[in-house]
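Structure record follows, encoded as structure tokens.
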Amino acid sequence: MSSTDYNYDEQGQFFPYFVITVTALVTVPVTISWLRPSKELESTASRIESNFKPEHADLIEGQRKKQKRRERRLKRALVSVGGWLVICWMAYLMAVTARTIPKIWDPYDVLGVSRSATEKQIKSHYRKLSVMLHPDKAREDPAKNITKETINDHWVEVTKAFKALTDEEIRNNYLQYGHPDGKQSFSIGIALPKWIVTEGHGKYVLLMYALALGVLLPYTVGRWWYGIQRITREKILVASAGKLFREYDNDHTDGAVVGVLSSGEEFNEVLNGHKADNGLSKLEQKVLADGTSLSGVLAKKERQKLDDLDESRRRKVLTLLWAYLGRIELDDENLNDEKYEVAPVALRLNEAYTAIALAYSNTKAVLSAYHTSQNLIQAMRPGASPLEQLPHFTPTVAAAAEAEKSRTHMSIQEFMRIPAEKRKARVVAPGFLSASQFEDAMTVASQLPVLHVERAFFKVVGERFVTPSSLVQFVLKCRFIPPGATNVPAVKSSDLEDIDPEEGDVAAITGRKDDKSGEKPIQPPLAHAPYFARNHAPRWHVFLADSKQGKIAVPPFSFSTFDKPIIDETGKPTFNVQTMKMQFGAPPQAGSYTFVMHMICDSYVGMDTKMEVTLKVEEASKAVEMGEEDEISEPDEDTIAGQMRTLKSGGVSRSSKPRKRVAQDDESSGSDTEGDVESESETDTETDTDEE
């Protein structure tokens, strides 16, 4: 009669399997997430070559390493390493304890005969064994640990094996139940050593389960849920987003945006404890002193805001941000370190502020947010000369370089268009730059990715006209032309055309088709930002605005990767024409609509593009009429109608000419088309370019 026994894992045969399974469920995914290479653009882009080392380069590099340590997630590394150590230990125990697992009882193995042996062969072999192994004939051998008891036990096993192969009833028991004695008791091994629940340890097991299920599990789930609920899509705290929203104003200038960003809760981690008060007085004296680069920047309103702040932490954050933007030496290592630490936090908060400004669709507020991003990345105060982005260019050097500019600043592009000798004469002098410093600055300037618009137009895929409420594509044809570039090739007219995708290719029509055929996305070099304690991949934001209302008509589309190489293998610019597209719904009424197109680079000052573009929306009936005209086919030459048409045309057959629609400027429709082989549809725009 069978029974079921529950027993504990006395020999530790099952316990390692249980532990290794549970540990692997946690360790494997944690290890994958820890070791998986980052797909962020900042981890894959190249760098602009430069030998420039800013002041306190060691502090800036220290902040970058600190951020990398956070990104590596030390906790995940510890969990991963610890988990694999446990798995290795359990695997070792499995290998060791496997030797003590008893073998399955096999009568053929006990008798030492093959499974193909006949009954006659089995009986013959049994008689031979009885001569050697029978208790009356076998002899004890203490040297080999052979005693009378072992001889008797062995003979019992041999006899049982012989009967299992020759006796009908015993043989049936073996074949049916795997044992000559019939059905055995069913044993379930609990994968826990017996000592855990014996000898008074039971209460500790109950306590362990109570802590795991009643405390640890709810705490882990609650912390995870609270963590994802307290972070917005822009990766900032919900509390910070609320403060930014409350302080937002459509009329905020670049300097006012900096004041709003100082309200972020993220700065509490940077200036925790006594750090909020340490050095605050000295910091304010340095920033507000006369004769600094901020003297003409901090307006009365910004100074008043700083004076009105009662909270010491926010007061210090705002002062540190202005010290960073003004590149002010604080004569204190801790203060300088904090100065470089708050800037990346402010940039992250600025992304949330930009989202708020976009929700209000106010052009001025959005531009202020984008300009603040440029200032934070380049460590430049609002209104500073774009030339200060170059290595060694201080406000004094930039002023000397802008000799011809009186009211407005000179961009890097304008400066690089000045003859080289004249540029050098302006800034290479005692008290300004040395020859080597000038060369370093020019080397960096010649590598900056300036995106130049070659053509901008609207189109509807597969159509010759833009009709009301149709899905419009705004297409930009651009080239990266570094400042001071020479021998720039002319643009091919074919590169300025936009070929319609094949009919039914939804991915290409919607702009989601990967034209790079599985290749890695092509991106510009990382932003040259020696004072910014993070790697940053430049992004270009393109949007259309209504200049009359001061509102954004089409929200920004952001571009960080492109479809053609920007530089070749030798590091020289390719001047390839890049295509950038953004889609939106056409106005519901026919007419001409003039927008102001803004293309803003978030990483560099003075490299934005502003231009007017006109969208011509035709009546839907006109598109239908043109479609019907296109469908009228010409008669074949071998027909009477065809021959008459040939005579009317002066004996020249149209079919002998290549069938090609020539692009023509149609002011009434605002569209031009070309080609029969590859369908193209483009709607011209009247553009006035003003590269800022």
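A Cβ is built for glycine as well, from the same backbone N, Cα and C atoms used for every other residue.
In TrEMBL, annotation is done automatically, which means it is predicted and not curated.
Here is what TrEMBL records for this protein:
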{"type": "TRANSMEM", "residues": "14-35", "note": "transmembrane segment"}
{"type": "TRANSMEM", "residues": "74-95", "note": "transmembrane segment"}
{"type": "DOMAIN", "residues": "106-178", "note": "domain 'J'"}
{"type": "TRANSMEM", "residues": "204-226", "note": "transmembrane segment"}
{"type": "REGION", "residues": "624-692", "note": "region 'Disordered'"}
{"type": "COMPBIAS", "residues": "626-639", "note": "compositional bias 'Acidic residues'"}
{"type": "COMPBIAS", "residues": "665-692", "note": "compositional bias 'Acidic residues'"}
Segment-level pLDDT (mean, integer) for the domain 'J' (106-178): 80
Taking a Cβ cut-off under 8 Å, which residues six or more beyond the ends of the transmembrane segment (74-95) line up next to it in the same chain? 12, 15-17, 19-20, 23-24, 26-27, 30-31, 33-34
DSSP tally for the domain 'J' (106-178), helix/strand/coil in that order, comes to 52 helix, 2 strand, 19 coil
